[in-house]
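Presented below is the structure to which this report refers.
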Amino acid sequence: MAATQEDVKLLGIVGSPFVCRVQIALKLKGVEYKFLEENLGNKSDLLLKYNPVHKKVPVFVHNEQPIAESLVIVEYIDETWKNNPILPSDPYQRALARFWSKFIDDKIVGAVSKSVFTVDEKEREKNVEETYEALQFLENELKDKKFFGGEEFGLVDIAAVFIAFWIPIFQEIAGLQLFTSEKFPILYKWSQEFLNHPFVHEVLPPRDPLFAYFKARYESLSASK
C-alpha cells in the first residue's frame, strides 16, 4: 500500500537506539512519515494518548492506529509493506530472528548500560562480564555471514544497531573495552558493514552531540560518588 506523510507518524527522540530501529525499517521500506520529536521530561498529550501504558518512545502511528515497542513496530512495518523483507519467510528462521532480537534487549542493552552508568564497581564488573558473554553468543551466531539476515540485513541486524553504534560511544566515555575488533572480530566487521549501509547510515543520529550528552550524564554520575 502507498503511504503518505499524512498517515504515518513516528513519535521519538533523536539519539534513541529504539527509535533508530524503526527509522531503519522505514528507510528500508521507503515509507514516508512524519517525525514528531518528544521531550521525555515533558511528555506530550499525544504520547500519553498513543502510549498510555508505558508512556515512552518509540510510538508508530499508522492511520491513527498506535503501536509501541520497537521490535513490535519493526515487525508491523515488515508485514504492512512487503518490499525488502526484514524477517525470513521460513518459519524456523523467523523464530530464530525473533529469539536473537529479544536476546539483544534482554542480555545486552541492560548489561551495557549498567556497565557504564553505575558507581558500584562490583556491579560494573559483573555487567561487563555479562556483556562479553552475550556478545560472544552473537559472534558465534554470525559466523561467516555478511549480516545476521544473510546477504541482506534483517530483524536481528536492526535490533543490534545498539551494539554497532551506541556501545562504541559508551565504552569511549567510560574507558571500557566492551566491543573491540580484537575481542569480537566477526561482530566488529559486521558492525562496520552495517553502519555503512546507506539505509542505516542515513538515519543514524549525529555522533558528536550524542557523545556529549552521554559524557555529561556519565560525569554527573561519577561526581556523585
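Cβ from N, Cα, C; glycine included.
According to Swiss-Prot:
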- Ser16, Lys43, Val57, Glu69, Ser70: glutathione binding site (BINDING)
- 6-85: domain 'GST N-terminal' (DOMAIN)
- 90-214: domain 'GST C-terminal' (DOMAIN)
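Considering only the residues assigned to glutathione binding, Ser16, Lys43, Val57, Glu69, Ser70, the longest pairwise Cα distance works out to 18 Å. By a simple count of nearby Cβ atoms, those within 10 Å, the most crowded of the binding-site residues Ser16, Ser70 is Ser70. In the domain 'GST C-terminal' (90-214), the DSSP tally of helix, strand and coil residues is 90 helix, 2 strand, 33 coil.
Cβ neighbour count for Val57 (glutathione binding site): 24 (other Cβ atoms within 10 Å of its Cβ, all protein chains included). Here the binding-site residues are Lys43, Glu69, and the one with the most other Cβ atoms within 10 Å of its Cβ is Glu69.
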